[in-house]
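J.: I'd like to ask you about the structure that follows.
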Amino acid sequence: MDNIPNLTILEHSRISPPPSTIGHRSLPLTFFDIAWLLFPPVHHLYFYHFPYSKSHFTETVIPNLKHSLSITLQHYFPFVGKLIVYPNPHDSTRKPEIRHVEGDSVALTFAETTLDFNDLSANHPRKCENFYPLVPPLGNAVKESDYVTLPVFSVQVTYFPNSGISIGLTNHHSLSDANTRFGFLKAWASVCETGEDQPFLKNGSPPVFDRVVVNPQLYENRLNQTRLGTFYQAPSLVGSSSDRVRATFVLARTHISGLKKQVLTQLPMLEYTSSFTVTCGYIWSCIVKSLVNMGEKKGEDELEQFIVSVGCRSRLDPPLPENYFGNCSAPCIVTIKNGVLKGENGFVMAAKLIGEGISKMVNKKGGILEYADRWYDGFKIPARKMGISGTPKLNFYDIDFGWGKAMKYEVVSIDYSASVSLSACKESAQDFEIGVCFPSMQMEAFGKIFNDGLESAIAS
């Protein structure tokens with residue numbers, strides 16, 4: 001990392017909670033968490049306007065971020081712990097957990113870059129490889145006698161001279177979902193802005209670590225289906241490709257209303273439609289049509305799949321609080337024929353199937369966990385898979401460390417996860433931001449199809 005072009009490392013730090021505030025603690029993984037054990041790390045980037053000198057950055061910002069992260073970690077101890085996994089498939093007595101021991105620390109790197117802040121924090125197509133120096137590696141897995149340990153969280157703060165700051169976060173997905181990560185960031189930002197944790201504790205919601213979701217059968221099934229023998233692999237940072245670009249597209253309320261109208265005009269009896277389902281359906285159809293535009297020859301009957309995460313906290317019986325720590329979502333997998341998706345009514349059919357899939361999952365008579373043992377069966381179907389990363393319900397643009405709200409939020413890990421990022425827009429939480437990563441020629445085709453379709457939706 002010290003030899004990355006356009007990047008100068010200013011400081012490598014290890015941040016621990018205040019002494020004796022946590023001690024030895026562990027957090028068992030649930031069946032929700034285990035599903036993510038073999039997935040690659042999650043990379044997020046936040047850009048902030050910061051038109052100040054390097055001396056102000058080093059003398060004020062760096063100490064404040066160090067201190068506030070230390071204070072925050074005592075309330076979110078799993079972020080500073082290590083993932084413990086026992087790869088031996090014949091040993092069923094020891095389960096994966098996140099364990100903290102006194103002295104554990106988070107890697108916090110401070111750097112300076114010559115990259116263009118205004119370019120990276122814009123919406124237009126930008127080279128993917130320019131984002132990779134701004135997100136930190138997670139750290140290496142270490143094989144002990146009969147288990148493997150792995151850091152679960154790392155941070156990099158990068159200074160753009162007299163223009164901005166970026167905060168890059170990397171976490172293992174088994175650590176948390178977006179809800180937990182959002183709570184952690186809100187807490188850290190509050191402590192950084194105020195200098196103490198009392199405002200966060202008074203006005204926020206400290207995490208709930210109780211493992212009240214107990215379903216031994218689901219747990220064992222999920223654990224047995226996870227090939228832990230392959231876990232001992234150093235996680236790799238996002239690879240580079242000079243031809244890939246990332247861009248952000250905005251779906252305004254007027255666009256979303258037009259898309260809903262198109263769906264309901266053709267399917268007036270459709271029981272469930274929402275801003276989320278029409279957005280996902282529209283993105284999915286635009287991506288496939290952009291591939292056709294690029295000359296892709298795919299059979300009409302070949303299958304396409306789209307995966308969305310359905311939040312489960314409020315849908316369990318009894319429901320879990322929003323500040324429950326960890327992962328708590330279920331995959332909703334929708335399948336459609338390529339010929340239908342790329343056809344004239346592809347968007348409408350995609351939105352219909354996504355809505356029906358979500359509705360069927362959340363309205364089961366036996367609760368959302370009914371047939372949970374079949375959640376992942378769809379992944380076995382031979383089909384091209386795409387999915388959504390993120391949710392517009394959490395406004396990450398509201399994260400303010402004392403320099404104002406974020407100028408731009410990017411999910412860098414969509415570059416290798418075949419996903420599209422979806423978040424609330426920085427100008428209005430009722431508008432959506434969509435982040436995509438494609439080869440440059442496909443991005444041009446996607447942009448034209450996307451924008452032309454929106455013009456048609458508004459005009460109809």
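Cβ from N, Cα, C; glycine included.
The structure displayed is predicted, hence computed values, not measured ones.
Residues or ranges marked as active site, proton acceptor by Swiss-Prot: His173, Asp400.
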J.: Can you give me the same-chain residues 6 or more apart in sequence from His173 (active site, proton acceptor) with a CB-CB distance under 8 Å?
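T.: Listed in sequence order: Trp36, Phe39, Pro40, Pro41, Val42, Asn327.
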J.: Just counting, how many other CB atoms are there within 10 A of the CB of Asp400 (active site, proton acceptor)?
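T.: Within a 10 Å radius of the Cβ of Asp400 (active site, proton acceptor) lie 15 other Cβ atoms.
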J.: Which of the three DSSP-derived classes (helix, strand, coil) applies to Asp400 (active site, proton acceptor)?
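T.: Reduced to three states, the DSSP call for Asp400 (active site, proton acceptor) is coil.
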